[in-house]
Amino acid sequence: MIPFFRRKKSPATAGDAATQTGTPADTAPATPGVDADASGIDAVAAANTGTQSIEPQPVFSAPEPMPEQVQDHEAAPAAAPGKPGWRERLRNSAFARSFGGLFSRNPKLDDDLLDEIETALLTADVGVGATTQLVESLRKRMKAREFVDANALLAALRADLIAMLAPVAKPLVIDAEAKPFVILTVGVNGVGKTTTIGKLAHRFKAEGRTLMLAAGDTFRAAAVAQLQAWGERNGVAVVAQGQNADAASVAFDALQAAKARGTEVLIADTAGRLHTQQGLMAELGKIKRVLGKIDESAPQEVLMVIDGTTGQNALSQLRQFHAASGVTGLVVTKLDGTAKGGVVFALAREFGIPIRFAGIGERPEDLRVFDAEAFVDALLPEALGA
Ligand SMILES: Nc1nc2c(ncn2[C@@H]2O[C@H](COP(=O)(O)OP(=O)(O)O)[C@@H](O)[C@H]2O)c(=O)[nH]1
Ligand SMILES: [Mg+2]
């Protein structure tokens, strides 16, 4: 049963306060939500207590967009657009470090070089299958004297790595016919689902799309507040029912509201769950079915967020989430810092599911459309890049 809710007028939000006072508190989104203003959620809870209206209506918080200077982030420079941004952010990955070291030693073209490449690939979590495929192909061509020197072999490796990712570098296309285009985000805890939704909201707003967010992680009050904080930052409506609400019911209400408003994109958050928790995994199927009752083609995208530092465990996560919810696209986050990065190749080779975006930092602009060439070149020594 869908519970009844009262439509809430937008509360005095953190955004409003910041607008008036110019406090810097909201200008540092490094870990949005952790310290997010909780006034939104309190207001939601207040709106839900004791009062029932005749018609089921979702709770809205539709804040005013924040002014430029409030959205400005001065703490750290954003990654530059294009390839340099990728390279600067992925420089510390195990992959980049192994290959940087290998390359700077001016290696000879021999079996030792192949062994070193094999070790570097395995260390970076490319996985046994993909590594064997890459190294054996290089070995065959080396024996056939295809390479004049080590550089030529490394250039061939670069091309092979790009070729492995090219089939999955398929950007998310928002079908304008779908009103709204529903994106359901799934994944284990802490991988960056809510952050990714915030970044997507930022992107879609910049593209001039109308959108709405659904606070489907109802496990923790902080999770709802975190999404609302992102909504406020981007001037996007967030549909929420507060903590412990039925996630499928939140999604249902949100889709109804988005349809009524003619919103172009609806992004639904979900609680993180372990791929081994059968009951919770089944809930994803329920959310999908409930959405399908309003629009049989919804959700148009089941976007699984994967933490790039997870290593080979990402493969079993994807296997289980795919079985439970039919994943149609991936976001690989935390590829900045010390991420191993290589799991992207294993995912591409094993599943062939499109990788839509890569998270290369915590800031709104640090979500990049996945670009096979930019990604590979960020991992390999600069001299090799095209
Ligand atoms: N460095 C880095 N941190 C990220 C990235 N994406 C998310 N995070 C951080 O990961 C943490 C968990 O993110 P959150 O969105 O709450 O994860 P969720 O539980 O899946 O919703 C937060 O501290 C985020 O700032 C990324 O691309 N790079
Ligand atoms: Mg979350």
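Keep in mind that glycine also has a Cβ here, set from the backbone N, Cα and C atoms.
Annotated in TrEMBL:
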type     : residues                  : note
COMPBIAS : 1-10                      : compositional bias 'Basic residues'
REGION   : 1-86                      : region 'Disordered'
COMPBIAS : 11-47                     : compositional bias 'Low complexity'
BINDING  : 187-194, 269-273, 333-336 : GTP binding site
DOMAIN   : 354-367                   : domain 'SRP54-type proteins GTP-binding'
Distal contacts, the domain 'SRP54-type proteins GTP-binding' (354-367) - CB-CB under 8 A, six or more residues away: 29-31, 73, 76, 78-79, 85-86, 89-90, 165, 168-172, 192, 195-196, 198-200, 202-203, 233-234, 303, 308, 328-336, 344, 347-348, 375
Those residues of the chain, 6+ apart, with a Cβ under 8 Å from that of R273 (GTP binding site): V188, N189, L280, M281, E283, L284
Neighbourhood of ligand 2 - binding-site residues from K193, T270, R273 with Cβ under 6 Å: K193
Assigned conformation of K193 (GTP binding site) - DSSP reduced to three states: helix
The domain 'SRP54-type proteins GTP-binding' (354-367) - residue tally per DSSP class, helix then strand then coil: 3 helix, 6 strand, 5 coil
Candidates near ligand 1 among the binding-site residues G190, K193, T270, R273, judged by a Cβ under 6 angstroms: G190, K193
For G190 (GTP binding site), nearby residues of its own chain (Cβ under 8 Å, 6 or more apart in sequence): G272, D307
The domain 'SRP54-type proteins GTP-binding' (354-367) [mean pLDDT, rounded to integer]: 94
Same-chain residues at least 6 apart in sequence whose Cβ lies under 8 Å from L335 (GTP binding site): R89, L90, S93, G308, G341, V344, A358, G359, I360, F375
Residues near G187 (GTP binding site) in space but at least six apart in sequence (CB under 8 A): K193, G272, M304, V305, I306, Q317, F321
Long-range Cβ environment of T270 (GTP binding site), under 8 Å and at least 6 residues apart: L184, T185, V186, K193, G216, D217, A247, L284, I287
